[in-house]
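**Student:** First, the structure itself, so that you have it in front of you.
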Amino acid sequence: MKEIVRALEGYGPPKDKAAEQCGWQAGGALCPGGLCCSQYGWCANTPEYCGSGCQSQCDGGVGGEGGCVDLGCANTPEYCGSGCQSQCDGGVGGEGGCVDLGSIISRSTFEEMLKHRNNAACPAKGFYTYDAFISAAKAFPAFGTTGDVDTCKREIAAFFGQTSHATTGGWPTAPDGPYAWGYCHKEELNQASSYCSPSPAYPCAPGKKYYGRGPIQLSWNYGQCGQALGLDLLNNPDLVATDRVISFKAAIWFWMTPQFPKPSCHDVITGQWSPTGHDISAGRAPGYGVITNIINGGLECGRGWDARVEDRIGFYKRYCDMFGVGYGSNLDCYNQTPFGLG
């Protein structure tokens, strides 16, 4: 069940900031409000930040895919909601697109996908709820709403496929099959390691451990995640296992955030990631298998057949079938070199 999901620093820093804000310098964090992340890890929407070397969101939140209000353009709820003048789906909906995550995954579908999560034998009984998931997802407007309807559904299937494996309580002969037992756990079973790798920007708090918690079993990178969510997770890592909305937010943050040199899981499943020649040489082709490589490639990929990889695929296929969408290609990572190793 343990997942090792470790995230790995534009121009001069604002005078009131002491640490980089985004990009690889900040653990892959994105700038708030769609601002550009410069090559040096700072946020703004000027040409110096959004031009050469820009790491992410390089239209600065003012490009052609956002909704338009009287003071500018972006694709956040503040711009695309009340008072929006045009293109109010923010570039993620429209004809064949998906604006409302609730229209992609309904409460009844959520319950059927995770039908045994509240079994008396599950340590996470009563913790994971549909309302918490939907509430958390609102902090990430592009999650599950990017592309056409099939792409949106496939992203949700992939997200729950990976997180269900991370939290599974299933076994081969389990009632309704092993892939109906996702979200049975909320904390890593082996909590002996502290998963502490201190740095000046993210010092480990005395007595705190950063083992796997929540749907994605977030490990190590509580500092980066907390910074992105506006929370002190270094001193309060248990929030990821005690606050159900924060738990889902942490998982979706990991899903949406590139981890240098890895792309984000979101960009892979929505077709926005294009492999480099180096990726192609390493066997990393677009598909669900690359997401497994992003999450736990160092332990599961490039080693031939692996039961853990098969388990991830099994959950994903079940959910795709429920949504009525195809699986895509390249589902495993058996012949992929892990990111960072080649």
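Glycine residues also receive a Cβ, built from the backbone N, Cα and C atoms like all the rest.
Pulled from Swiss-Prot, these are the listed features:
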SIGNAL    1-19  signal peptide
DOMAIN    20-60  domain 'Chitin-binding type-1'
DISULFID  C22-C37  disulfide bond
DISULFID  C31-C43  disulfide bond
DISULFID  C36-C80  disulfide bond
DISULFID  C84-C88  disulfide bond
DISULFID  C122-C184  disulfide bond
DISULFID  C196-C204  disulfide bond
DISULFID  C301-C333  disulfide bond
**Student:** Among the disulfide-bonded residues C22, C184, C333, whose Cβ has the fewest other Cβ atoms within 10 Å?
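**Tutor:** C184, out of the disulfide-bonded residues C22, C184, C333, has the fewest neighbouring Cβ atoms within 10 Å.
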**Student:** Taking C43 (disulfide bond) as the reference, which of C22, C36, C37, C184, C196, C333 (the disulfide-bonded residues) have a CA within 10 A of its CA?
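**Tutor:** Cα within 10 Å of C43 (disulfide bond): C22, C36, C37.
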**Student:** Suppose we draw a 10 Å sphere around the Cβ of C43 (disulfide bond). How many other Cβ atoms does it contain, all chains included?
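**Tutor:** Step by step: centre on the Cβ of C43 (disulfide bond), count other Cβ atoms within 10 Å, giving 26.
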**Student:** Can you tell me the CA-to-CA distance separating C184 (disulfide bond) and C31 (disulfide bond), as a whole number of Å?
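**Tutor:** Each residue's Cα considered, C184 (disulfide bond) and C31 (disulfide bond) end up 33 Å apart.
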**Student:** Please list, in sequence order, the residues in the chain of C122 (disulfide bond) that are at least six apart in sequence and whose C-beta is under 8 Å away from its C-beta.
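**Tutor:** Set apart from C122 (disulfide bond) by at least 6 residues yet with Cβ under 8 Å, we have H116, G169, W181, Y183, C184, H185.
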**Student:** Among the disulfide-bonded residues C31, C36, C37, C204, which residue has the fewest other Cβ atoms within 10 Å of its own Cβ?
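**Tutor:** Candidates: the disulfide-bonded residues C31, C36, C37, C204. Fewest Cβ atoms within 10 Å: C204.
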**Student:** What are the DSSP helix, strand and coil residue counts for the domain 'Chitin-binding type-1' (20-60)?
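**Tutor:** Breakdown, helix to coil: 10 helix, 7 strand, 24 coil.
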**Student:** Of C22, C36, C333, which is closest to C196 (disulfide bond) if I measure between C-alpha atoms? They're all disulfide-bonded residues.
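**Tutor:** Closest candidate to C196 (disulfide bond), judged by Cα separation, is C22.
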**Student:** Could you measure between C36 (disulfide bond) and C333 (disulfide bond) for me? Cα positions, answer in whole angstrom.
**Tutor:** 32
**Student:** Round to the nearest Å and give the CA-to-CA distance linking C22 (disulfide bond) with C31 (disulfide bond).
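**Tutor:** So the alpha carbons of C22 (disulfide bond) and C31 (disulfide bond) sit roughly 6 Å from each other.
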**Student:** Give me the Cα-Cα distance between C333 (disulfide bond) and C31 (disulfide bond), rounded to a whole Å.
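**Tutor:** Checking the Cα atoms of C333 (disulfide bond) and C31 (disulfide bond) gives a distance of 31 Å.
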